[in-house]
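Structure first, then comments.
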Amino acid sequence: MSVRIVDVREITKPISSPIRNAYIDFTKMTTSLVAVVTDAVRDGKRVVGYGFNSNGRYGQGGLIRERFAPRLLEADPKTLLNSGGDNIDPDKAWAALMSNEKPGGHGERSVAVGTIDMAIWDAVAKIAGKPLFRLLAERHNRKADPRVFVYAAGGYYYPGKDLSALRGEMRGYLDRGYNVVKMKIGGASIAEDQERIEAVLKEIGNQAQLAVDANGRFDLETGIAYAKMLREYPLFWYEEVGDPLDFQLQAALAEFYPGPMATGENLFSHQDARNLIRYGGMRPDRDWLQFDCALSYGLCEYLRTLDVLKTHGWSPSRCIPHGGHQMSLNIAAGLGLGGNESYPDLFQPYGGFPDGVRVENGHITMPDLPGIGFEGKSDLYREMKALAE
Ligand SMILES: O=C([O-])CC(=O)C(=O)O
Ligand SMILES: [Mg+2]
């Protein structure tokens, strides 16, 4: 059976909403949806892999169409195959995508490559006739665990949102089975944020834990002032305090904040992740790493990041990726990550779970769907299919 990539399609879609974190609003946010069309046939149907670029960075149509899709389509198809010749080798496809690219400067292209990489892994697992998480577990000699921890991210600022609306939002997450919720800080004064935090803590009581996310807004002085305020509460984590590349700031914070911290969603390569681990003072016994493969060159690169972590004594279970997409759910279930983010009310239809999957005690159970499992989420698959047809 022939296995060739015959087309790579991209469309840029809105995922806008009126929400705001400490840095940006999402009124003009977009995402790239990609279809990697193959000539492989499974169950009488042509195999198409799909991907999208998470959230927080904008659509990548220009780069994908001008630079990356042509490289994949111009490569000799034989050079993209695995040793058995019966499937695509994602690392070979990745190498083709990255031919003639200089090192460094990762953000310029890591999102475009991560989006295509997601679609390639989806196709590869579909051609293998397996859920991606099972394929990953097999390849890495692990036992897959379909039960994955998920937490509810929200708590954004938006016009007219008062404390009772914030409490109501968090109550809604508890009602849907979550036991960790997250809210934004740094988009208001410290006094106002403290009031918001106390309101949420009062609402969730001992039913759940709260994480807070500053989205890289603070300088060292502000980060420390917040640390002193926040350390009085039993928070799940204090996230992305300062600029994502300011490792000295991150390291300095540990002196003022003994509780768990989290960061990494804006580090886009294994080299940047390694610098965080080398210089950021992150503590493997309590801190969390949020690298999002869709934004950072995809799963091929994420596997290198996991190798870096291992070398430095970090377990994959300290990773809870940013982004709330099914790709990271598969990596979590297949490779033993600590869980995944989820945005119950945002970024639809891209984020979330296959239809019928429920959150129970803060966990979901992955259904056995081929590939990443997008076909099981009808609103998302509708958009994907429209691109491939
Ligand atoms: O507001 C955002 O950009 C998303 C974010 O930081 C997160 O999910 O942790
Ligand atoms: Mg964040």
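Cβ coordinates come from backbone N, Cα and C, glycine included.
These come from TrEMBL:
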- Asn21, Asn55, Lys102, Tyr156, Lys182, Glu239, Glu265, His322: substrate binding site (BINDING)
- Asn55: site 'Transition state stabilizer' (SITE)
- 163-260: domain 'Mandelate racemase/muconate lactonizing enzyme C-terminal' (DOMAIN)
- Lys182: site 'Transition state stabilizer' (SITE)
- Lys184: active site, acceptor (ACT_SITE)
- Asp213, Glu239, Glu265: Mg(2+) binding site (BINDING)
- Asp292: site 'Increases basicity of active site His' (SITE)
- His322: active site, proton donor/acceptor (ACT_SITE)
- Glu341: site 'Transition state stabilizer' (SITE)
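Where TrEMBL records a feature, it is marked here on the structure.
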{"residue": "Asn21", "record": "substrate binding site", "Cβ neighbours (10 Å)": "21"}
{"residue": "Asn55", "record": "substrate binding site", "Cβ neighbours (10 Å)": "23"}
{"residue": "Lys102", "record": "substrate binding site", "Cβ neighbours (10 Å)": "5"}
{"residue": "Tyr156", "record": "substrate binding site", "Cβ neighbours (10 Å)": "22"}
{"residue": "Lys182", "record": "substrate binding site", "Cβ neighbours (10 Å)": "26"}
{"residue": "Lys184", "record": "active site, acceptor", "Cβ neighbours (10 Å)": "25"}
{"residue": "Asp213", "record": "Mg(2+) binding site", "Cβ neighbours (10 Å)": "26"}
{"residue": "Glu239", "record": "substrate binding site", "Cβ neighbours (10 Å)": "25"}
{"residue": "Glu265", "record": "substrate binding site", "Cβ neighbours (10 Å)": "24"}
{"residue": "His322", "record": "substrate binding site", "Cβ neighbours (10 Å)": "28"}
What is the Cβ neighbour count of Asp292 (site 'Increases basicity of active site His') at a 10 Å cut-off, with all protein chains included?
28
Based on Cα coordinates, which of the following binding-site residues are within 10 Å of Glu341 (site 'Transition state stabilizer'): Asn21, Lys102, Tyr156, Glu265, His322?
His322
Among the recorded positions Lys184, Asp213, Asp292, which ones place their C-alpha within 10 angstroms of the C-alpha of His322 (substrate binding site)?
Asp292
Through the lens of DSSP with three states only, how would you label Glu341 (site 'Transition state stabilizer')?
strand
List the other residues in this chain whose Cβ sits within 8 Å of the Cβ centroid of the Mg(2+) site residues Asp213, Glu239, Glu265, in sequence order.
Lys182, Ala211, Ala214, Asn215, Glu240, Ala262, Thr263, Gln290, His322
In Å, rounded, how far does the Cα of Glu265 (substrate binding site) sit from the Cα of Asp292 (site 'Increases basicity of active site His')?
6
List the Cα distance (Å, whole number) between Asp213 (Mg(2+) binding site) and Lys184 (active site, acceptor).
5
Using C-alpha atoms only, work out the spacing between Lys184 (active site, acceptor) and Lys102 (substrate binding site) and round it to an integer in Å.
36
Entries of Asn55, Lys102, Glu265, Asp292 (recorded positions) sitting next to ligand 2, with Cβ under 6 Å as the cut-off:
Glu265
Pairwise CA distance, Glu239 (substrate binding site) versus Asp292 (site 'Increases basicity of active site His'), rounded so that it is a whole Å:
14
Composition by DSSP (helix, strand, coil) of residues within the domain 'Mandelate racemase/muconate lactonizing enzyme C-terminal' (163-260):
46 helix, 13 strand, 39 coil
What does the structure give for the C-alpha distance between Asn55 (substrate binding site) and Asp292 (site 'Increases basicity of active site His')? Integer Å is fine.
10
Which binding-site residues, if any, among Asn21, Lys102, Tyr156, Lys182, Asp213, His322 have a Cβ under 6 Å from ligand 1, given in order along the chain?
Asn21, Asp213, His322
Distance, Asp292 (site 'Increases basicity of active site His') to Tyr156 (substrate binding site) (CA atoms, angstrom):
20
